[in-house]
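J.: Below you'll find the structure I mean.
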Amino acid sequence: MTVITNIDDLKRLYRRRAPKMFYDYCESGSWTEQTFRENVSDFDAIRLRQRVAVDMSNRTTKTQMIGQDVAMPVALAPVGMTGMQSADGEIKAARAAEKFGVPFTLSTMSICSIEDVAEHTTAPFWFQLYVMRDEDYLSRLIQRTKDAGCSALVITLDLQIMGQRHKDIRNGLSAPPKPTVRNLVNLSTKWRWGMGMLGTKRRSFGNVVGHVKGISDPSKLMSWTNDQFDPSLDWSKIEKIKEMWGGPLILKGVMEAEDAVMAAKVGADAIIVSNHGGRQLDGALSSIRALDPILQAVGDRIEVHLDSGIRSGQDVLKAMAMGAKGTYIGRAFVYGLGAMGEAGVTRALEVIHKELDTSMAFCGHRDINQVDRDILRIPRDFSGDWA
Ligand SMILES: Cc1cc2nc3c(=O)[nH]c(=O)nc-3n(C[C@H](O)[C@H](O)[C@H](O)COP(=O)(O)O)c2cc1C
């Protein structure tokens, strides 16, 4: 049996077990992948201060994100096509999150539908909304989210148009994969994945299939959806959606203080400092570098969360110590899911929790809510002296 000691171990196993097309879909950034790489390497630039002779007993990583109790400040980020990484992947990930006591965020572009996930879990989950041009579809989607008892709506703001990931084009990414010779050769080596897929009916976009008037051919779904992202999304539309939803609202993809101020103005409960894991604007700052100016601008008015680049509990600790009130993992949980299904997501959460808890203790703290910048060594020019 493979011993899993860290997130990289899960990634190696995931690479062996998942079809190349879906591994590549996950493990890539847009264009040159500069932002994708720096999301991770910029965390390494921040160092931690080791403290000694401090009582480290009775530690806790429990806190709240948007007023909801969490076992640690780490939610599962919305990830499209999670159900292609492992059969029924969204249900597996949501179950692992529920058992661990952290929020699960279902993507609009999931394979399992809102109703599927609601049926197989008991804890309310969060729903991530891509604002679509088809207003009728959009309002029904929001109603379905309410009917399923979702406890927060996450509107993604940084995908009005799509960034380009070269590998997806070369691989002819689709759900399910097209039966080309190249795909069939690759899939023949992924028997575990194949057995899972044969055992489920969920192989296309569950929130879209059967919910869009005039589309009955599943092969048209991907292009329909790609054409549906609303390029005209602006703050007034966000306000309208906030009204339609009427519950806790999180705005995802904020990278600049001006936009954070607008998010606070429209009355969001939280923002996620995120560059979509380096999948949209290549050349954007890493999220951890973008965090500080945003905290300065709105940190006392709105909860500031962060994702992009988190691969360890130390990364979570650094973001929290800088002032974030919560973090999200995308790829880190997908590696676990593709490697070992639900157990792999649980393992990813366990690894990150242990690293967070132990590193917090080494820094002389027992309660994640008490951790502050005092534990960090941040390079003087970290947030950049940009002209
Ligand atoms: C394979 C993949 C698919 C994604 N799909 C979505 C999505 O459907 N909606 C969304 O808001 N973000 C999506 N994201 C972005 C994540 O929510 C999150 O911002 C990102 O993964 C964080 O970076 P990390 O992977 O380095 O943790 C996706 C990310 C990945 C890796």
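Note: Cβ is positioned from N, Cα and C throughout, glycine not excepted.
In TrEMBL, annotation is done automatically, which means it is predicted and not curated.
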J.: Of the candidates Arg133, Arg140, Arg165, which does TrEMBL annotate as part of the glyoxylate site that also includes Tyr25, His276, Arg279?
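T.: Between Arg133, Arg140, Arg165, TrEMBL records just one in the glyoxylate site with Tyr25, His276, Arg279, namely Arg165.
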J.: In Å, rounded, how far does the Cα of Gly80 (FMN binding site) sit from the Cα of Arg165 (glyoxylate binding site)?
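T.: Pair distance, Cα basis, whole Å: 14 Å.
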J.: Taking each of Tyr25, Arg165, His276 in turn, which of these recorded positions have a Cα lying within 10 angstroms of the Cα of Ser308 (FMN binding site)?
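T.: Of Tyr25, Arg165, His276, within range: His276.
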J.: Beyond Tyr25, Arg165, His276, Arg279, what residues of that chain have CB atoms within 8 A of the centre of the glyoxylate site's CB atoms?
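T.: Going along the sequence, the neighbours come out as Ser28, Gly29, Ser30, Gly163, Asp168, Gly277, Gly278, Gln280.
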J.: I'd like to know which of the binding-site residues Thr156, Arg165, Ile310 sit within 10 A of His276 (active site, proton acceptor) at the Cα level.
T.: Thr156
J.: Which residue, out of the binding-site residues Pro78, Gly80, shows the minimum number of other Cβ atoms inside 10 Å of its Cβ in this structure?
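T.: Output over binding-site residues Pro78, Gly80: least Cβ neighbours within 10 Å is Gly80.
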J.: For each of Gln128, Thr156, Ser274, Ser308, count the other CB atoms within 10 A of its CB; which of these binding-site residues has the top count?
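T.: Max Cβ neighbours within 10 Å, all protein chains included: Ser308.
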